[in-house]
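Have a look at the structure below, then the notes.
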Amino acid sequence: MARLRALLLALAATAAILLASADAFYLPGSYPHKYNPGESLNVKVNSLTSIDTEIPFSYYSLPFCTPPDGVKDSAENLGELLMGDRIETSPYRFKMHANDTDVLLCRSDPLSPGAFTLMKKRIDEMYQVNLILDNLPAIRYTRKDDYFLRWTGYPVGIRVGADYYVFNHLQFTVLVHKYEDPNVARVMGTADATDAIPSKDTSTSPSPASSGWMVVGFEVVPCSIKHNPDDAKSLKMYAKYPSKIACDPTTVSMSIKEGEPIVYTYEVSFVESDIKWPSRWDAYLKMEGAKVHWFSILNSLMVIAFLAGIVFVILLRTVRRDLTRYEELDSEAQAQMNEELSGWKLVVSDVFRAPTNPMLLCMMVGDGVQILGMAVVTILFAALGFMSPASRGTLITGMLFFYLVLGILAGYASVRVWKTIKCGDHSGWVGVSWRTACFFPGIAFLILTTLNFLLWGSQSTGAIPFSLFVVLILLWFCISVPLTLVGGFLGAKAPHIEYPVRTNQIPREIPAQKYPSWLLVLGAGTLPFGTLFIELFFIMSSIWMGRVYYVFGFLFIVMLLLVIVCAEVSLVLTYMHLCVEDWKWWWKSFFSSGSVAIYIFLYSINYLVFDLKSLSGPVSATLYLGYSLFMVIAIMLATGTVGFISSFCFIHYLFSSVKAD
């Protein structure tokens, strides 16, 4: 009774977390910040980014204004550093409820030849400036026909003919909502989503007598305005610009020229909004194409579920018919049948013969279990709201943490398979565990180090600092490796899986096949690829096009369907090989489902050529292909492990039902 009560309490707590995260994609435990009228608001800057190069650079690599007290790094977590985010302080200063116009930010030094060339290059490469206020990225709206397009950040400048223009005046709009109740739980409970774009009616001004305000929106309109550098020469930062500034985003006039300074200005207005604090990220999450996304995912789920059902039914009916027919015969008839017929019955004495390179197979299975476990736990936590887009870097940090901890599963699985292949002999388990702990991380380290040298050479903020490299290596050898060895020890102590039939000393000759068996194995990856190619498009768009991905609930369902389809495809391929007396199923079962990685890599190349337009330059394309290769290797290990384990369980069950001498 006590166990039942504890289970019900756990389920109730999980349901409460799920319901809370359904209304707002926020990390449980985060609270809104209340600002009093006149309180300072500090804007931060992030790295300059571009979908044309995918190489981030520091904001202050261009001749922008710097804070009067110097540039300071903001607190960053491990995930932000790995993603190339470099959040720093900015010179922009606001005061709650204090509208301000014609504010002079600074007058830059005359553009040197190097700065002038770099500015033109960044404009040609379509780099965006990313600003952050109260953890909200600056959002920009552009009107097209009858609907609005939403963008995060604003472009450095624009090229018109042979001239380059910089956006040197920013019109900020800060949306605020009254802090109605100090009870945060009550505020969180009143969340409601808004589809409409908030109105910019500045006639509605917040009352200064309110108890406090929360920032629920941060909008920016960039303008290119020709300022006279002589007018700003004697003025200090935050002084009133002498002439009235009229921001018109449809025209540009501030062209950059070598040897001439740039004058930067801004204005800010505060607008009261009906948006609740938990719903303030709706403008970022509800991008155009959301309906198409949901419809496509639902359609894909139905089709894949239907195909998986057909495969499952055919498999059950075929195997059951063969088993029933074989078991109804007596021993003499079985012997005669074995002489006359071919099929999976004839390989009963060879089906559990050890594969070639058994240690490599054990290593790959162990790493696949670790990667798959990391993916399941991470996506589940993200679906519950623990890794929201509002908390930058938590998704990458969580993935790394779960991967390190789940090293114990990798060691256990690899050594357990090794012990089973060796028929109960666990000697060499330390070597298996050690190699498992170093196989995939070693591949990842090699790829990422090579790409990091390219980023270092480009002086990009995406380059991992040397100190972070040391931290990652310490995490690898101080957490992942010991846990993998512990898991290997547990696997060595666990009983091995006994084979239901004996294996002959002399292997049976495999008949000549009409078609190469590996051709069928490579083609088997098309069905698992069909389960995720739609979701893959949105994930790729999130990674490479700067869009926010947040439908982790659908991603979790798609991943479960992918696991089911990989298992069934591997079962069917394994059964087909056994029917033609091909008893070498170990590696083929792994790659029949793992071959989906080939199609994902081909899709990545297609996305590079047709969506990203081959990026800009060989360095960007190399980075893209390198990260894609890292991703497909991880997917290959995870899906291949699913196929191998399901095929092993199927063969063990199948031959446990056979009467064999």
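The first residue you see is number 1, and the count goes up from there.
Placed from the backbone N, Cα and C atoms, the Cβ positions cover glycine too.
Since we're looking at a predicted model, the values are computed, not measured.
Per TrEMBL, the feature signal peptide maps to 1-24.
According to TrEMBL, the feature transmembrane segment maps to 294-316 (among others).
Per TrEMBL, transmembrane segment is recorded for 369-388 (among others).
Feature annotation from TrEMBL assigns transmembrane segment to 394-415 (among others).
Marked as transmembrane segment by TrEMBL: 436-456 (among others).
For 468-492 (among others), the entry in TrEMBL reads transmembrane segment. Within its own chain, the transmembrane segment (468-492) has Cβ neighbours under 8 Å at 78, 81-82, 366, 400, 403-405, 407-416, 418-419, 426, 429-430, 432-434, 436-438, 441, 445, 452, counting only residues six or more beyond its boundaries.
Annotation comment: TrEMBL describes 518-544 (among others) as transmembrane segment.
Summarising the annotation, TrEMBL assigns transmembrane segment to 550-573 (among others). Long-range Cβ contacts of the transmembrane segment (550-573) within its own chain (Cβ-Cβ under 8 Å, at least 6 residues beyond either end) map to 25, 285, 293-294, 297, 300-301, 304-305, 307-308, 311-312, 314-315, 372, 375-376, 379-380, 382-383, 387-389, 520-521, 524-525, 527-528, 531-532, 535, 538-539, 588-589, 592-593, 596, 639, 642-644, 646-647, 650.
Taken from TrEMBL, the feature transmembrane segment covers 585-609 (among others). Packing against the transmembrane segment (585-609) from elsewhere in the chain are residues 351, 355-356, 361, 364-365, 517-518, 520-526, 528-529, 532-533, 536-537, 540, 544, 566-567, 569-570, 573-574, 577-578, 615, 621, 624-625, 628-629, 631-633, 635-637, 639-644, 646-648, 651: each is 6 or more residues past its ends and has a CB under 8 Å from a CB in it.
Nonlocal intrachain contacts for the transmembrane segment (629-655), taken as residues 6+ away from its ends with a CB within less than 8 angstroms of a stretch CB, comprise 319, 323, 344, 348, 351-352, 361, 364-365, 367-369, 371-372, 375, 413, 440, 443-444, 447-448, 497, 499-501, 528, 562-563, 566-571, 574-575, 578, 585-586, 589-598, 600-601, 604. Among the features that TrEMBL reports, transmembrane segment is placed at 629-655 (among others).
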